[in-house]
Amino acid sequence: MGDKKVIFSGVQPSGKVTIGNYLGAIKNWVSLQDDYDCYYCIVDLHAITVPQVPKDLRRNSLELLAQYIACGLDLEKNTMFIQSHVSAHAELAWILNCMTYMGQLNRMTQFKEKSKKNEANLNAGLFTYPVLMAADILLYQTDLVPVGEDQKQHLELARDLAERFNNRYSETFKVPEPYIAKVGARIMSLQDPTSKMSKSDENENSYILLTDTPDAIRRKVKRAVTDSLNRIKYCDEQPGIKNLLNIYSKITGESMEEIEQRYEGEGYAKFKKDLAEIIVEELRPIREKVEDLMKNKDYLEKVYMEGANKAERAAWKTLRKVYRKVGFIQKKFK
Ligand code: TYM
């Protein structure tokens, strides 16, 4: 375990998990788990940057843990935990906040987008959100962060803060690298293939959830926006088809050429019908396993308790160093 490189990543429990989250992030985590020392977090502190109903947040957090497991993350190989259980995240975030320039945060595209949507609740947490994310990553001396493309800019900030701290105080943090897969890193809305698929979208036909029933999946794929060219080709001119091809290829592992060839001369109806079944079969075992796991709360509790214990030890090692370097007096225990 000790010699392996470290991976850290997380998902917000702010609603239901979409196939965007699954194909852009979680599915990749599963394939990395054998070769790395992995920390996968349920980032509840991040989730409250937009209003949450407390009982829903609790349920979504637990369901997200069940989804991590159901997607294939092995308990023996990964540390799965809840962010608010390890207080070092909030503590390091404060220190990094004191080193982050307002201008840097002002440039974050996700903040700009989210602040448009949440004008009535434009809170400071939403603004400093990427700093908390940097703290998450840097606490574990992370080498690699597997995420979807939308998180790239946030990762650059994490790298920048690591370097700034190291330069100011001496070598402390590992500078993390993003891991963004070639296929599936940006799954688009099924209703508007020029914008990202998002769990906060008001139109439920725009996304597929890991918990969707087979019928819901079939209906949503059937309604997915395409074009009138009537050919299955992976190109920018056909963003709807391009997106569906991305989903197809990420799930089956087949190349775009193989898929294009298979559907040469075929209409969209056949392609969509096949794709719907591919998604249904990919998600069926996950949905069933999640349902089982949610009936076994004791087991989930055991997983997140063990996860927090292990994460806390690793995080504390880094935080202790940071506190010393910035000049805090070491806490003494009686
Ligand atoms: P979140 O919860 O928005 O998304 C979780 C992961 O899913 C990816 N993703 C997508 N990938 C492809 N297509 C999409 N349409 C799509 N939508 C989302 C995201 O890129 C992400 O990898 N800030 C993070 C959570 C976070 C985090 C971290 C991640 C907090 N701390 C530390 C990595 C490391 C977020 O909001 O993810």
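Backbone N, Cα and C define each Cβ position, glycine as well.
Owing to the predicted nature of the structure, the values given are computational and were not obtained by experimental measurement.
The annotation ATP binding site is assigned in TrEMBL to Q12, P13, S14, G20, N21, G148, E149, D150, I187, K196, M197, S198, K199, S200. DSSP assigns I187 (ATP binding site) to coil in the three-state reduction, outside any helix or strand.
Confidence in the motif ''HIGH' region' (13-21), given as mean pLDDT, stands at 94. Residues or ranges marked as motif ''HIGH' region' by TrEMBL: 13-21.
Residues or ranges marked as L-tryptophan binding site in TrEMBL: D136. In sequence order, F8, G10, C41, V43, Q83, H89 constitute the residues six or more apart from D136 (L-tryptophan binding site) in its chain with CB-CB distances below 8 Å.
Residue counts for the motif ''KMSKS' region' (196-200) under DSSP, helix first, then strand, then coil, are 0 helix, 1 strand, 4 coil. What TrEMBL lists as motif ''KMSKS' region' is 196-200.
Within the set of binding-site residues S14, D136, K199, D136 have a CB atom less than 6 Å from some atom of ligand 1. Maximum intra-site Cα distance, ATP binding residues Q12, P13, S14, G20, N21, G148, E149, D150, I187, K196, M197, S198, K199, S200: 19 Å. Sequence-distant neighbours of K199 (ATP binding site) (same chain, 6+ apart, CB under 8 A from its CB) are S14, G15, K16, V17, T18, G20, N21, Y207, L209.
M197 (ATP binding site) has a Cβ environment of 25 other Cβ atoms inside 10 Å.
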